[in-house]
Amino acid sequence: MKVKAPILLLFVFLINFCFSIKQTQQQNFDITIDNNNYNNNNNNNKNEIINNNNKNNNNLNDEYFEKLGYDTNGTKCDICKFGINQVQKMIASKQGIEDISKYAIDLCTYLHIEKAEVCNGLIPLFANMTYNVLSYPTVTGEYVCGFVGFCPYVPRNSSNIINFPKPKPPHVPPVAPSPNSPTMKILHISDIHVDPVYESGMNADCGEPLCCRAPNGPGVGEKAAGEWGHYLCDINMKMVESMFEFIDQEFGEDIDIVFWTGDNPPHDIWEQTYDSQINASQLVTNLVKKYFGSTAKVFPAIGNHESLPVNSFPLPPGSSWIFNALSYDWSDWVNVDEQVANLQYGGYYTLPVQSGLRVISLNMNWCNNGNLYLAENSTDPANMLQWIVDTLQASEDIGEKVYLVGHIPPGIPDCIDSWSEQLLQIVNRYEDTILASFYGHTHRDEFSVYYTQSDENDPSSPMRASNVIYTTPSVTTYQHQNPSFRIFTVDSNTGYLMESSTYHTDLSQANLNGKPTWLLEYNTTNTYNIPNLTPISMDLAIQNINSSNSMLEDYHVHYYSASPYPESKPCTSISCKLDYICKMKSAAYLKYYECIHHEVNNYLLNESDDDSIKSHKKLNILLDLNNYLNNEVLKSC
């Protein structure tokens with residue numbers, strides 16, 4: 001049995017990469033930090049957090065690991081390094097992929113990570129990637145485990161300094177457009193995840209990553225898939241078509257631009273094939289063409305679920321099969337030779353909207369820490385960061401404004417820290433060129449703000465808002481989400497954002513009434529009492545939410561698109577508030593840790609206790625936050 005130790009690695013990957021999509025197993029959010037030595041200028045904050053993970057968070061079978069010869073008092077970091085080292089020993093002894101896959105399937109089944117059929121389908125999909133990456137001579141257990149988030153991560157290029165071709169010109173604050181200005185409308189849809197074999201009446205709680213299918217058998221009561229969908233499953237084609245029909249009827253030719261930011265396939269990640277992935281893209285492409293192909297300019301972006309297996313994007317030219325397929329599907333819109341070449345090379349491109357305004361579509365899988373291929377090069381995979389700089393510089397030189405669109409927001413744990421920090425530098429350098437950024441991936445409705453020094457020559461100067469990320473809620477209901485889309489109203493002349501309007505349908509009511517009713521859920525300016533969507537106004541929105549419990553609860557409800565979940569879990573705790581406020585203030589993920597400590601210190605500022613008692617209170621707040629993040633915040637991927 002000792003030979004089975006190596007597949008511990010694959011077990012770790014199953015947990016961390018969200019392969020099993022189990023809500024309690026995504027990301028490490030442990031916040032037990034040394035209160036006295038907090039330095040927010042580097043990775044030390046996050047690494048202290050990771051180092052304090054303990055075995056209570058591992059959810060592993062201790063008896064099994066003791067049989068493997070592993071000390072179960074170790075941290076998740078220790079477990080990960082142990083597994084990596086064992087696999088690398090197995091590779092060095094010339095044992096093959098088939099051996100590792102067999103052992104991984106045995107472990108996956110033995111520990112009930114997934115049902116046997118899921119283990120048998122899922123693990124072989126990842127075996128080649130795992131074997132190949134761990135065969136790199138420079139890849140160590142410590143490095144890989146840091147990369148995936150279980151250990152302190154030290155990127156090979158630790159400076160992360162971007163060299164810009166020209167110095168930054170003096171900042172010119174944006175002038176909000178007049179309310180009477182002519183406008184355009186941008187439709188943003190993301191994370192459709194349509195399941196073409198969804199079947200009403202089937203079991204929605206089947207114990208697999210995706211249910212509501214005929215092989216799952218019939219469900220009973222609330223666990224039966226509804227006619228229009230179920231909160232535990234991906235969306236069905238019937239509901240997707242209803243959404244597109246509503247948009248067409250309500251807005252018609254008023255939609256000028258469509259941002260479509262990826263993730264078309266369902267979450268049946270253990271059953272997927274090259275053909276199924278391509279077919280999923282074609283299915284959604286045909287819908288977008290049907291409703292907007294002749295009336296709007298469409299700008300797609302690639303998601304992490306487009307590849308096979310999920311999250312897996314080898315460095316160029318290793319991902320050419322999916323990039324070429326998408327290039328074919330998107331040929332009505334991405335049809336300039338130079339940009340077709342960029343798309344086929346790295347999954348990114350840029351195109352003009354009109355004179356003075358362009359879109360840069362990013363492949364955010366080059367920052368995805370679920371993409372193990374980036375262990376080989378996480379500094380600037382596919383040269384996309386340098387390409388972004390070159391493209392933005394060209395736009396700045398001619399006074400052109402830019403929208404950034406992509407799938408994975410850079411301020412969440414799924415984006416590699418060092419890469420995220422580099423993008424932060426780029427956005428702040430070109431803040432007067434970039435109008436806003438638009439992402440999806442989390443399935444939730446959220447926004448975050450970039451900040452920079454008010455005087456960039458003075459590191460002690462106060463911070464000011466420089467740009468904004470808008471994360472649009474998903475079309476899919478997976479998980480606990482009402483189907484949603486967003487309409488931005490923008491100034492026709494300048495492209496400046498004026499309003500953000502989010503629409504959804506109540507899935508429970510759709511199933512009850514026999515048809516969905518699509519409604520405006522909220523307008524951002526009215527809900528958060530701000531005049532417009534400039535970075536300064538969105539920073540004001542954060543201040544308003546921070547000072548108003550009712551506004552915070554509104555944000556909480558909108559975060560889940562007014563699904564039943566927030567009604568059962570109101571945002572009344574310090575932890576809930578801390579999490580939301582710091583997400584809003586963290587367009588780069590390491591800023592989240594900085595924000596947490598800043599907010600907690602402010603909270604304790606007026607306490608009359610001595611320092612030791614304050615330190616104890618702070619630790620308790622951080623422990624409560626850690627528990628909240630691991631047990632109450634729903635994750636999607």
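Note: Cβ is positioned from N, Cα and C throughout, glycine not excepted.
Residues or ranges marked as disulfide bond in Swiss-Prot (evidence: sequence analysis): Cys77-Cys151 (among others).
The disulfide bond annotation in Swiss-Prot covers Cys80-Cys145 (among others). Under DSSP, Cys80 (disulfide bond) is assigned to a helix (H, G or I) in the three-state scheme. All protein chains considered, the CB of Cys80 (disulfide bond) has 27 other CB atoms within 10 Å.
Under DSSP, Cys108 (disulfide bond) is assigned to a helix (H, G or I) in the three-state scheme. For Cys108 (disulfide bond), the count of additional Cβ atoms within 10 Å of its Cβ stands at 24 [all protein chains shown]. The disulfide bond annotation in Swiss-Prot covers Cys108-Cys119 (among others) and is backed by sequence analysis.
The secondary structure of Cys233 (disulfide bond), as reduced to three states from DSSP, is coil rather than helix or strand. Feature annotation from Swiss-Prot assigns disulfide bond to Cys212-Cys233 (among others); the stated evidence is similarity to another entry.
With a 10 A radius on its CB, Cys595 (disulfide bond) counts 18 other CB atoms from all the protein chains. As annotated by Swiss-Prot, disulfide bond applies to Cys582-Cys595 (among others), with the evidence given as similarity to another entry.
Counting residues per DSSP class in helix, strand and coil order gives 57 helix, 0 strand, 26 coil for the domain 'Saposin B-type' (73-155). Feature annotation from Swiss-Prot assigns domain 'Saposin B-type' to 73-155.
As annotated by Swiss-Prot, N-linked glycosylation site applies to Asn73 (among others), with the evidence given as sequence analysis.
Residues annotated as N-linked glycosylation site in Swiss-Prot: Asn128 (among others). Every protein chain shown contributes to the tally, and the Cβ of Asn128 (N-linked glycosylation site) ends up with 14 other Cβ atoms within 10 Å.
Residues annotated as N-linked glycosylation site in Swiss-Prot, with sequence analysis given as evidence: Asn157 (among others).
Under the heading N-linked glycosylation site, Swiss-Prot lists Asn279 (among others), citing sequence analysis as support. Residue density at Asn279 (N-linked glycosylation site): 14 other Cβ atoms are found within 10 A of its Cβ, drawing on all protein chains shown.
Long-range neighbours of Asn377 (N-linked glycosylation site) (same chain, six or more residues apart, CB within less than 8 Å of its CB): Leu315. In three-state terms derived from DSSP, Asn377 (N-linked glycosylation site) belongs to neither a helical nor a strand segment and is classed as coil. For Asn377 (among others), the entry in Swiss-Prot reads N-linked glycosylation site.
Taken from Swiss-Prot, the feature N-linked glycosylation site applies to Asn523 (among others). Cβ neighbour count for Asn523 (N-linked glycosylation site) (all protein chains, 10 Å cutoff from its Cβ): 14.
Marked as N-linked glycosylation site by Swiss-Prot on the basis of sequence analysis: Asn546 (among others). The secondary structure of Asn546 (N-linked glycosylation site), as reduced to three states from DSSP, is helical.
Under the DSSP three-state reduction, Asn606 (N-linked glycosylation site) is assigned to coil, being neither helix nor strand. Per Swiss-Prot, N-linked glycosylation site is recorded for Asn606 (among others).
Look at Swiss-Prot and you will find 1-20 tagged as signal peptide, backed by sequence analysis.
Per-site Cβ counts within 10 Å over the glycosylation sites Asn546, Asn606 peak at Asn546. In the three-state DSSP reading, Asn523 (N-linked glycosylation site) counts as strand. For the recorded site, Asn279 (N-linked glycosylation site), the DSSP three-state label reads helix. Ranking the recorded positions Cys151, Cys212, Asn523, Asn546 by Cα distance from Cys80 (disulfide bond) puts Cys151 first.
Here nothing among the recorded positions Cys108, Asn279, Cys595 falls inside 10 Å of the CA of Cys77 (disulfide bond). Its Cβ placed at the centre, Cys582 (disulfide bond) has 23 other Cβ atoms within 10 Å.
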